[in-house]
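First up is the structure itself, then whatever we jot down about it.
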Amino acid sequence: MVDYHAANQSYQYGPSSAGNGAGGGGSMGDYMAQEDDWDRDLLLDPAWEKQQRKTFTAWCNSHLRKAGTQIENIDEDFRDGLKLMLLLEVISGELDYYDSHNVNTRCQKICDQWDALGSLTHSRREALEKTEKQLEAIDQLHLEYAKRAAPFNNWMESAMEDLQDMFIVHTIEEIEGLISAHDQFKSTLPDADREREAILAIHKEAQRIAESNHIKLSGSNPYTTVTPQIINSKWEKVQQLVPKRDHALLEEQSKQQSNEHLRRQFASQANVVGPWIQTKMEEIGRISIEMNGTLEDQLSHLKQYERSIVDYKPNLDLLEQQHQLIQEALIFDNKHTNYTMEHIRVGWEQLLTTIARTINEVENQILTRDAKGISQEQMQEFRASFNHFDKDHGGALGPEEFKACLISLGYDVENDRQGDAEFNRIMSLVDPNHSGLVTFQAFIDFMSRETTDTDTADQVIASFKVLAGDKNFITAEELRRELPPDQAEYCIARMAPYQGPDAVPGALDYKSFSTALYGESDL
């Protein structure tokens with residue numbers, strides 16, 4: 001046998017082995033220090049560490065393979081201690097440890113508890129994930145509810161405002177437009193009701209999910225304050241307001257139909273009365289300026305027109321009654337006619353005034369003709385001259401038209417100093433009130449003074465006596481009724497009060513007036 005002890009002793013290092021030759025070595029302390037430096041360098045070498053991990057992992061797996069498992073990463077796989085215990089269990093069995101059974105039992109118990117904990121952990125994770133998905137579904141339903149409930153709530157509020165809004169209409173077309181719009185709104189109610197039910201179904205689905213999974217929701221919908229109760233309450237209000245709106249619109253439609261009947265009724269009458277008045281005005285104007293027949297014929301025609309005007313008065317009264325109904329119904333416009341009651345009244349008053357004035361003018365022309373001894377031929381000449389220069393057929397001549405007429409008759413009123421003076425003198429006679437117009441009656445008076453000097457005080461007195469109804473005096477009212485306004489005012493301003501025994505208040509002395517103008521009277 002080899003004596004290892006002797007061998008070891010023969011390799012002992014000491015001073016006796018030291019030498020100066022090439023085989024001489026250092027002391028043991030120097031060797032150990034050098035070995036520590038080698039170990040330190042190896043530990044710091046990454047390649048060496050990797051190799052050691054690989055070697056140790058292979059060694060562990062050679063044992064763990066018997067337990068049906070293995071490791072990949074020492075740090076990760078041994079962190080929970082399970083595989084480390086399996087490794088110890090296998091090694092202890094291989095080492096035939098005397099208490100290996102108890103060790104193995106405890107290890108198995110730990111493993112079983114770990115597996116149970118893993119199962120509970122997995123179940124808990126699945127339960128939490130399921131609850132998370134349910135909460136996400138509820139949250140999504142809440143969000144969907146809010147997205148649809150908000151605009152629907154706004155629509156109901158707008159609908160309630162429109163259904164309670166006061167409406168003011170004036171025509172049948174306007175109320176029919178409102179009814180059409182309301183019918184269109186009602187046609188949308190079924191769709192709106194379906195939207196309401198869909199919104200409420202979203203809320204109910206969220207509630208169902210929470211209740212079936214025993215999830216206690218915290219408070220109301222976090223995305224909106226519009227609750228199902230608010231939606232149902234407003235929807236019920238809309239349902240109540242719709243028939244009320246129907247009733248109000250139908251009442252207004254009936255009212256507007258009645259108003260339309262009144263409009264058409266008034267327009268039908270006004271469209272007859274208005275043109276009739278205008279036609280009569282034109283006919284009277286033609287009679288006053290045309291030279292058909294004698295003055296007596298003209299007067300007769302005018303009297304007939306006056307009677308026809310008086311007989312037409314019931315038509316105006318009927319129109320007044322219809323206008324009263326329109327006013328009571330608060331109707332302010334009428335598209336069926338351009339005539340208003342005010343226009344008709346003004347036209348009627350103008351017609352009465354025109355016929356009365358025209359009759360008065362013709363009567364005065366007859367009196368003037370008879371008083372001045374003017375023949376019918378002269379009257380027609382005067383009328384022809386007047387009408388020729390009355391371009392607008394207004395029954396009066398302006399200053400320039402009257403000047404042209406005088407020039408045509410041979411008067412020297414040209415545009416020079418003398419002519420202007422003569423024209424101003426004549427204008428003072430025919431237009432004493434400076435109205436700027438010369439009427440036919442004033443023209444006749446002027447021409448009769450210029451063409452004849454047969455007037456006497458007796459003739460003038462006789463004419464006034466006819467106007468006065470054979471009285472010895474005349475009143476201002478009679479003068480205004482029988483004479484043109486300018487002549488009537490001229491006489492009233494210059495006639496002295498009548499002092500006779502038969503005098504009445506306001507009586508005027510036409511005899512003294514005539515005598516002052518035409519000299520002494522034989523009457």
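Glycine is treated like the rest: Cβ placed from N, Cα and C.
If you check TrEMBL, you get these features:
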- 50-187: domain 'Calponin-homology (CH)' (DOMAIN)
- 377-412: domain 'EF-hand' (DOMAIN)
- 418-453: domain 'EF-hand' (DOMAIN)
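Same-chain residues lying 6+ beyond the ends of the domain 'EF-hand' (377-412) with a Cβ under 8 Å from its Cβ atoms: 285, 288-289, 291, 295, 365, 369, 418-419, 422-423, 426-427, 430, 436-440, 443-444, 447, 451.
Secondary structure counts, DSSP: the domain 'Calponin-homology (CH)' (50-187) has 117 helix, 0 strand, 21 coil.
For the domain 'EF-hand' (418-453), the model's pLDDT averages out at 80. Secondary structure of the domain 'EF-hand' (377-412), assigned with DSSP and counted as helix (H, G, I), strand (E, B) and coil, comes to 23 helix, 2 strand, 11 coil.
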